[in-house]
Amino acid sequence: MAKAKFERTKPHVNIGTIGHVDHGKTSLTAAITTVLAKTGGAKATAYDQIDAAPEEKERGITISTAHVEYETKNRHYAHVDCPGHADYIKNMITGAAQMDGAILVVSAADGPMLQTREHILLAKQVGVPAMVVFLNKVDVVDDPALLELVEMEVRDLLLQYGFPAYEVPIIKGSALQALAGKPEGEKAINELMDAVDNYIPHPVRATDKPFLMPIEDVFSISGRGTVVTGRVESGIIKVGEEVEIVGLKETQKTTCTGVEMFRKLLDEGQAGDNVGILLRGTKREEVERGQVLAKPGSIKPHDQFEAEVYVLSKEEGGRHTPFTNDYRPQFYFRTTDVTGTIKLPADKQMVMPGDNATTFTVELIKPIAMQQGSKFSIREGGKTVGAGVVTKINN
């Protein structure tokens, strides 16, 4: 029988498994593909294929991530699973794998553990909009009262981190039973996918967000004016629309008088396009790489913020020594480096290479266009020593 082709007609959603080590994230990922393969919605992917995840580089950081894809009757999913705890932290902080929703896997035998908490916190900070819980390994728990207790603990934890704990679906099952083809195991996987289909909202497409383009290059065309080039990050820009140039200096307003792509004139540029935008009345020296072109009022420049950061270990090419308060590296946002000073929390004397999920405050020497959820790298002497996400703007 010919293999059914994935239809791209269904809405696409990016999802990932999160949770404590050994609670069954990878087994669950394998179980989902195995159960959905029976109805032609996936290619069954074995545990060891997912566990041997290839390494990828994202903003100078090596991350192991496994990608599988599958579909339900309503949606097409791209699913990420990371073998190691540090890979999760790096993945979520760098945004290497953007998640529209997550499946939190908790072992019914152990209940929520340290990494369960860390992953929920990170999901909140990087803006994962919704999650569904899979209470795994229920086949090894005989006492229904214990299951209830674990469920209550999970809801308490979700509540602490600002998720709507009493709305979040919690599905009980066993990934191993599903992999073994047992009916109760498969039933739980189908229930889980129904919950994911119905509870995790449709993602807002990049083209529906306000227009934003990081400026990569600026040049002047004699007789026509100044052109800025870059890849449109979100939204749509049409000829004749007003835009703002934000970051590094005073924000200025200007008008887009032309959009070009591959030397052809367009009426508009949209998310994902590499374009040149002609700006009315703007001088070449008034714009520079590192600023952004944006819909007026949609993004502001800031120079003080709080961040959640992953600091590379020595083995990953990071620093060999810890850093302390007032450390001054470069912060790389989108297309440019800006020097900034790090202020550590009062209870922290230093940050060691390899520390994951570290929180501190940053003060930049120049303001950069940013918002909560903006990603950055920390660089020193041209090499990446960390990656972070803005969790709160302070000014």
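Heads up, the Cβ atoms here are built off N, Cα and C, so glycines get one too.
The shown structure was predicted, so the numbers you read here are calculated from the model rather than taken from an experiment.
Segment annotation: Swiss-Prot labels region 'G2' over residues 60-64 (candidates 60-64, 140-144, 180-184). Range with Swiss-Prot annotation region 'G3', chosen from 81-84, 229-232, 285-288, 345-348, is 81-84.
Per Swiss-Prot, the range carrying the annotation region 'G4' out of 136-139, 296-299, 328-331 is 136-139.
Range 19-26 is the one annotated as region 'G1', of 19-26, 267-274 (source: Swiss-Prot). Residues within less than 8 Å, Cβ to Cβ, of VAL138 (GTP binding site) and separated from it by at least 6 positions along the same chain comprise ALA108, LEU147, LYS172, GLY173, SER174. Candidate binding-site residues: GLY19, ASP22, LYS25, CYS82, HIS85. Fewest other C-beta atoms within 10 angstroms, ASP22.
Under the DSSP three-state reduction, LYS25 (GTP binding site) is assigned to helix. Mean pLDDT, taken over the region 'G1' (19-26), works out to 93 on the 0 to 100 scale.
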